[in-house]
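In what follows, a structure is listed as C-alpha cells, so that the remarks can point back to it.
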C-alpha cells in the first residue's frame, strides 16, 4: 500500500494529461498549433496591420504586396487582418457553444437520469430535436431571430444539447446502480446531495471529451452557416463569411478561401486531436493499463 | 469422508513443470510471480491447486497454456507435456496444441462463450479449427459430446444461444467444447465458483465421470477447500507464487505440515451450526407477509410478472443474527433490498421498532434510515472511489447533524475497532485490499449506530482467511453494540458459523425457518436437505483435520 495519498478527484486525470511525456507526438503538435492560433487571434488587435473592414479600392485583389502580407480581397481589404480578426468570433462562438451546451445538457441530463418520471418526457423531446437535421434547424433559428452572434450561438447550441443529455443520462443511470450510491441512500443522504456529490463527478471525464468535439464542430457549423449566408452578418468577419465572400472570386483569387480555410482546418484538426488524446487519457480501461 | 486414494505411480506423466519461474520483467526489481514451482500431473489424476487470490494459481495455468499476459514472462524452468517441452514452441504451434491436447474451462461460462453464436456451432468450430472432419461428422460428434455432458434435449440446446441456457448448462457446454477433441490435460480454473452449490455438485460429478471415461488428467484450480476434499487426488497449496505444500489429499487434510496450510484449513468455516445464543425478547425488526412482484408492465403493455418474494415473515431480536440462505434467484437479495427500502415492497409490513417503514415516503423514512444500515457484497464498488475514507465514513453522521469534528473523532475510533490504522482515513479506497475495504464499509455502517445491519453476501467476495476475520469483526461488533444482523448468504458454512436463526428461501418463498442448529443439522424440507447435501466436503471438519464427529451437535469453538 502506497503511503502517499493519491487524490482520485476529477482534476487528477487532467493534471496527468498535462504532463507532456505521456502524450503522443500528434497531440503535442496539435497543442502547439492550437496555442499559436489562439494566441494570434487573441492578439489580433495588435498584430493585424489593417482594420479588417477598411476598404482600399486602389489595391483590390492583389497578391502579397507591401503592407498586405497575404494580399487583398475584392474591396481591397487586408486578408491577413481579416483572417486574424475573423478567428476571434469563430473561436468565441465555438467556446460559447461548447460551454452552454455542456452546461444545459448536464442539467437536463441529470434530471432525465435521476427522475424516472421526467426521463420519458425529456428524452422524447430530445429524440424529436435529434430528428431534425441540425444545419436546417440552425438556419431556421437564425432566420427567425436575425443574424446576430447570440442567435448563431443559440442556433448551434440547441442541436448539440441532445447529444450531451444522452451522454450525461447514460452516465448517471449506470452510476446510480453502484453500491456506493445505495449505501449513501441508506446513510440518509438527501437526493440532491447524492446527485451532486456522488453522481455528477462521474460525468466530468466524458464531458471534457464531448466538449472538445462540440467546440470543433461548432466552429465548423458556424463556418457552414456563414457560408450559406445564415450566419453573422458580413460586417463582422468570421472564417465562414470570409470564405463565403471569397467564393465569388474563387477562380481569380483562390487565396480568399485558402487562408481562412487553412486556419479553420488546422484549428479543428488540432482540437479534435486533443479531444482524442483527452479521451484516451480519461478512458478507464487505458488508465488501468497505465497505472 | 471418502477421499480419493488412487495410486498414480504407474500412470504416465502427462504434464511436468519443473522450476517454473514467471516474472514481471518490465517492473522495477523484476518481481517474481511464480517462484520455481514444480507440478506433476499423471493420466487420470486430478490435481488441485489451491490458494488465495494473488497466490499465482491462475498464472500457473496460463503459463501451461502459453497464454500469459504480455507483461509476464517465463524466466526459467521447463513445462513438458507428454515428454515434449512446451516453452520453445511458437504461437502457432501452441495454438495447434490448445483444445487438441490441452483444454481449459473458465470460471464465468457466460463470458467465455460467444454470445452471438449458437452453442452447437461453437462446439463444431473447435473441431473445424483443429481437425479436417467433414461437417456431418463434426455435427455428429458435437451432439455426442453434448449427450456425454448430460445436457437435456440436446437438439434444442444445440441450436440455442448462450443466453438461453442456465449457468450450469453453459458450463456443461464449456466442458463439452473442452473435451470434444479428447485432450490429455484439462485445466479447470475455478469452474464452479460462479455456480450455485447444487449445480456445482453436478458439474464436479460430471468432470469426475468424464475423467474416468477418457483418462484425462485434470488440473483443477480452486480456492474452496470443500471442493478440494471432494475431487482431488493430489493437492498443491500455493502462497505468493510458491508451492508451500503438496501431497495426497487425505494426507494433506489430515496431517497438514506447513503453517500456511494449517491456517488455510482452520479458516474454513465449519458446517456444524453454532450453539444458539439466548434470544433477547425485544424484537427490533419484524417483517410480516412481505411480497415483492417485479414486472407486470405499465399502462401500454403487459409483461409477465416475477414474484421475487412471497409472504416472507420473520422477527429479529436485538443482538441476534438471522441468516437468509438460498441459491441465486431465490429472492434473498430482494428481501434485503426491501428491508433497506432500496426498492419498494409490493405488500406487507416492515416494522422497525414498531414503526411500519414499508409504506413511508422518502422524507418520512429519513429519521429511520440511521437505525438500518447495509454492507454490500462487492468491496470494490461499495465505496465512492473519488472520496477519502474519512469522507465516506462521516457522510452519514453529517446527514443527521453530527458536527464534522465529532464525526471525524468517531471515525478515527472506529478505524481502530475494525483493525485499520487511523491514517487510513486520509487515503482512497483503491489503496486498500478487498478485506480492508469491507472493514471500512462495516465501519461506515456502524458510524450510524444502527439497530439492524443488513449484510448482503458481505463476505462472499473475500478469501477464506479474510472472510474469517470479517466474520469475527461482525461478531465482536454485535457483542459490543447489540446490533441485530440480517445475513444474506449462499454459503451454508458461513451461515452455520454466525447465524442464530436460518431462513431458507427457494424461488421467492420461505421453505424453512428455525434455529440454525435445527435447520442445518436436521433439515425438514427437501430443498434444505439438497442444499446441505451439495455443500462440498460437508463431512470433513477442516478446522480439526478430521471427520465431522456428529453433524447434529454443535461443536464448541
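From the backbone N, Cα and C atoms, a Cβ is placed for every residue, glycine too.
Computed from a predicted structure; not experimentally measured.
Note on TrEMBL: of A:63-86, A:135-158, the range annotated with the feature transmembrane segment is A:135-158. The stretch that TrEMBL tags with transmembrane segment, taken from the ranges A:236-255, A:256-275, is A:256-275.
Checking TrEMBL for transmembrane segment across the ranges A:9-28, A:29-48 points to A:29-48. Distant neighbours of the transmembrane segment (A:29-48): 23, 78, 80-81, 84-85, 87-88, 91, 263, 266-267, 269-271, 273-274, 277; these residues of the same chain sit at least 6 beyond its ends, with a Cβ under 8 Å from one of its Cβ atoms. Non-local neighbours of the transmembrane segment (A:91-115) in the same chain are 38, 41, 122-123, 126, 149, 152-153, 156-157, 160-173, 176, 191, 195, 199-200, 203, 207, 210-212, 214-216, 218-219, 222, 238, 267; each lies 6+ residues outside the stretch with a CB under 8 Å from one of its CB atoms.
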